[in-house]
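Peer 1: Below are the features listed in TrEMBL for this protein:
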| type | residues | note |
| --- | --- | --- |
| TRANSMEM | C:14-41 | transmembrane segment |
| TRANSMEM | C:88-106 | transmembrane segment |
| TRANSMEM | C:118-138 | transmembrane segment |
| TRANSMEM | C:159-180 | transmembrane segment |
| TRANSMEM | C:200-219 | transmembrane segment |
| TRANSMEM | C:249-271 | transmembrane segment |
| TRANSMEM | C:283-309 | transmembrane segment |
| TRANSMEM | C:321-343 | transmembrane segment |
Amino acid sequence: MDYATSFYFTATEIGLSLCGLALLLVAGWQGNKSARMVTIISVAALFGAAIFSIGLFDRATGEVAGRAFGDLYRADAFGSFAKVLIYVAAAAVLIVTPRFFERIDAYRAEYPVLMLFNAVGMGMMVSATDLMTLYIGLEMSSLSSYVLASFLRNDERSSEAGLKYFVLGALASGIILYGVSLVYGFTGSTNYAGIRAAFEASFSTGALFGVVFVLAGLAFKISAVPFHMWTPDVYEGAPTPVTAFFASAPKVAAMGMLLRMAMDPFGGEADAWRQIVIFAALASIVVGALGAIGQQNLKRLLAYSSINNVGFIMIGLAAATPGGVAGALTYLAIYVAMTIGSFTALLMLRAPDGTNLETFADISGLSTKRPALAWSLLALMFSLAGIPPLFGFWGKFVVFQAAVQADLVALAAIGIAASVIGAFYYLKFIKVMFFDEPTREVEATSPVSHWVVLGICVAIMSPLGYLLTVPLGEWTAQAAASFVAAM
Amino acid sequence: MIQTLAFYLFAALVIASAVMVIMARNPVHSVLWLILAFFNAAGLMVLVGAEFIAALLLIVYVGAVAVLFLFVVMMLDIDFAELRAGFVKNFPLGIAIALVLAAELIFGIGAYQAGQLELGVASGVAAPALDASNTASIGAVLYRDYVFLFEAAGIILLVAMVGAIVLTHRRTENARGQQDISRQVRRNPDEATVMKQPEVGRGVDL
Amino acid sequence: MTEFFQSLGLTYEWAWGLATIAGILLIALPLMLSVAMVIYVDRKVWAAINLRRGPNVVGPFGLLQSFADGLKVFLQETIIPSAANKGIFILAPIVTFTVALAAWAVVPFSATAVLADINIGLLYILAISSLSVYGVVMSGWASNSKYPFFSAMRAAAQMISYEVSIGFILVCVVLFAGTFNLNDIVRAQEGFGLGVINAYGIHPLLFPMWVMFFISCLAETQRVPFDLTEAESELVAGYQTEYSSMSFALFWLGEYANILLMCILNALLFWGGWLPPIDWAPLYYVPGIVWLLLKTFFFFFMFSWVMATVPRYRYDQLMRLGWKVFLPISLGFVVVISGYLMATGHFG
């Protein structure tokens, strides 16, 4: 094993960890005075890691194929693509975070540090080519997520969200571990290549149980139905910037991990898990669409929306083809931009006294008071619904195309039908914002940083986003091809 | 012969005490049964020649984790009636999960009987025993092959620590019982005491 | 010893079994005897430091005092409080006593006189000594009474706190010796200091570790100044409050057996164990066990000395010392010592 190569391929993880350790010392000595500075440095580090990942995008497909530490970890095009999404999403969330906490004097320098360690864990998740790396990355990310969820420790809802997330997340980890132990028992290897080889030799019922348990645990992490129960509660209770984070970066990481697991070690047994994925995808789409209808709280609504979107992403996985993976990755990229935009807009909705507004009643008649914000929200909501001129449509189009090409026409048809139901609650936004009478005072200005993040997200969602289709198509195709190369 | 006997003794005790962990009405008894289960698991580890793991199991789980468990459980005031009501309500779900796990176990045993359960490497050939003591071989694997994961696990622990402190630590000004050791040591009789010669019948002014 | 029984015509299995039982008895019986004598020594030392006479009535110079106490306790009635959790109440002293004896299995009294010469001897001792807290916690809880319960809480927190730094200190020793086997650790100390002195303790990096180890041992065995679990001014007699007769005696014996174990560990790990203090051939004619017992006795004297002279810590001071002083220092020394050993090419 060549340490220099290994360090090079894992440089983002190592760099972010070292940065996190150094900033933790700063946070320890300087206390909360340094919170702003720590946040800025963390954002810079995350962007640096993202740029480094872009650099690895092509490099890692050479003769060593990005293998680090004896194939515990692989830095390939897929990993790089997912990592760029993760790091940029985490950085964007960090940019809009401080204002939210500072208003109630609850911001602490440990927050960005936990984010950095979370990003390290997520990077390990998407690059893991060994069950042990996967588990360690997953735990690192989950553990810091639990803390972030209950970061407003004096707020009952936040503590409740943290506790719920912790208990159910620990259960999911247990399920994954149980599945992992079965897979290891039946294949004699924790390495993806080894598992794949062993499965090709023989695939017993016991091993199938292992695969199912692992997939069930991962479904929990991406909040796919039937393991979605925690999502609305946690999303509602957690502080809004943390919810924005949960809905974006960890989703990419868990989804990336799931894609790699399904395509690489379990790739030869696609028939064994396809039905499960199809069921979870359809159930997520339907439950997400129906569950959202009655919601009054916008964060809860966005939670159901994220369940719904996960269902669409899983349609790409159900195809189990490189085209499907590319479609899922495209959808993920668009989804991240939409989610971060929506939550940033939510963060900008404040009463004049600084309290956050997060129900439908609060945004009625928003178009008269904050027209720019209302139009941005409109664009994002239409995009989430997949209404054509907006870029959100492209994501749905790509996954449905992949499903049809893989002869899953029925699946695609049901998905399209369900997305029509889903459009209902996005339309409710328009009714409330543009046609209802204003009932509440809304703060007139928002910080520039929020406008920048929102502006970028809205620009991507606008029809301008279609300029991205060609490069996005190339990148995702190359990322999906890294599984073929690994096979 | 003696190994077989010892194995069945330890294994039976592990299972029995694990059953008692859930059957015991009193949570403190549960924890004590759990400790017995850990003990016997350590015995099993010794039997397969992993004495280092056995010692760690005792030091970490029995010596630290279970003590803290006991510490918390002893201070709990648990309403047993309510606990049992929940038990009845969740009983069908529990049974379902238990059946699934039992099926898993049977699959596992079946596969083991069929000779498929060979641990070690992908080809099914068991990893060769290293020509070194238990401790040395674990050290070699941990710090050479899995150094990346080892360090990452360290960061997980750091995150857990930071999380616990962030969520619970409250900086209080002027805490009770605060003590500045160096100030205490620096003090000498000249600044701490005064000599007075009070006249008879009169008090002392300080 | 197995060979001896085999020569009597027994099969290997039976010979091994008998040899083990004989070995256990050979350790346990003298140990109990020495615990009795050591209690007497303890009282005599306190008395001398307090300018009193100490026990001087039973037997010549009061030598039989401990046996008289033992007989008295043995003849008393065992009282179990009606509100106690009976099973655990009775189990607690047994656990304390058994655990205190079990650790002696790996102690090397000389190069060959060791019951179980296992590879992970030091880890075994660490594991067993971490169990001794259960006796205290169980008795405190099972007594169903306020003071024993406070004592149990204190004991659990205290012993965990100090075990952490003890662990790190032992890692330092293990780094130097390169083994967990106690006999090999002792052998590694041969001529360690400038080629003449058989002790780790004189090394400038290990001496501070020994000082911390000694203090941690006091805390681990709940001796003054860390005897908060049985602080008589606050908790009557702590976890032993509700105990009487033999169950009380078992606690007493277990406690002193633990103290002796810690003394012998001081000797083994830092001061050359059964080796003579100086690496000089004539000294090797004295049997190793004599050197070991002399060293052990010296450390026991230090335990008594501390007890007679130092006032008790407050609980927050105890925690402060454990977590804020010992833990960082011992952790730092692990790093420094590994660096030093790497730099000097100790690992080859």
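Sequential numbering from 1, following the chain as shown.
Every residue, even glycine, has its Cβ placed from backbone N, Cα and C.
Because the structure is a prediction, the values reported are computed rather than measured.
For the listed features, I'd like the structural context: burial, neighbours, distances.
Peer 2: Listed as Cβ neighbours of the transmembrane segment (C:118-138) (distance under 8 Å, sequence separation of 6 or more from its ends, same chain) are residues 88, 91-93, 95-97, 99-100, 102-103, 105-108, 151-152, 155-156, 159-160, 163, 166-167, 170, 173-174, 179-183, 185, 220, 222, 229, 239, 251, 254, 258, 261, 265, 269.
Residues 31-32, 34-35, 38-39, 42, 70, 73-74, 93-94, 96-97, 99-101, 103-104, 107-108, 122, 125, 129, 132, 135, 139, 170, 173, 182, 185-186, 199-201, 206, 209-210, 213-214, 217, 220-223, 239-240, 243, 277, 292, 295-297, 299-300, 303 of the same chain sit 6 or more residues outside the transmembrane segment (C:249-271) yet have a Cβ under 8 Å from a Cβ within it.
Only residues 6 or more beyond the boundaries of the transmembrane segment (C:283-309), in the same chain, are considered here, and those with a CB under 8 A from a CB of the stretch are 38, 41-42, 45-46, 49-50, 109-111, 113, 214, 218, 223-225, 259-260, 262-264, 266-268, 271-277.
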Peer 1: Give residue numbers and ranges for long-range contacts of the transmembrane segment (C:159-180): same chain, 6 or more residues beyond its ends, CB-CB under 8 A.
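Peer 2: Tertiary neighbours of the transmembrane segment (C:159-180) are 119-123, 126, 129-130, 132-133, 136, 188-189, 200, 203, 205-206, 209, 212-213, 216-217, 219-220, 269-270, 318-319, 322-323, 326-327, 329-331, 333-334, 337-338, 341, 346-347.
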Peer 1: Which residues of the chain, 6 or more past the ends of the transmembrane segment (C:14-41), have a CB below 8 A from one of its CBs?
Peer 2: 1-6, 8, 55, 62-63, 65-67, 69-70, 101, 104-105, 107, 115, 252-253, 256-257, 259-260, 300-301, 304
Peer 1: Could you tell me what the rest of the chain brings near the transmembrane segment (C:88-106), counting residues at least six beyond its ends with Cβ under 8 Å?
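Peer 2: Same-chain residues near the transmembrane segment (C:88-106) but 6 or more away: 24, 27-28, 31, 80-81, 114-118, 121, 124-125, 128-129, 131-132, 134-136, 138-139, 141-143, 182, 239, 242-243, 247-248, 250-251, 253-255, 257-258, 261.
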Peer 1: For the transmembrane segment (C:200-219), give me same-chain residues lying six or more residues beyond its boundaries with a C-beta closer than 8 angstroms to one of its C-beta atoms, as numbers and ranges.
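Peer 2: Here the qualifying positions are 158-159, 161-162, 165-166, 169-170, 172-173, 176, 189, 192-193, 225-226, 262-263, 265-266, 269-272, 299, 302-303, 306, 318, 321-322, 326, 329-330, 333, 336-337, 340.
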Peer 1: Using Cβ atoms and a strict cutoff of less than 8 Å, what residues sit near the transmembrane segment (C:321-343) while being 6 or more residues removed from its termini?
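Peer 2: Apart from its flanks, the transmembrane segment (C:321-343) reaches 158, 161-162, 164-165, 168-169, 171-172, 175-176, 205-206, 208-209, 212, 215-216, 219, 313.
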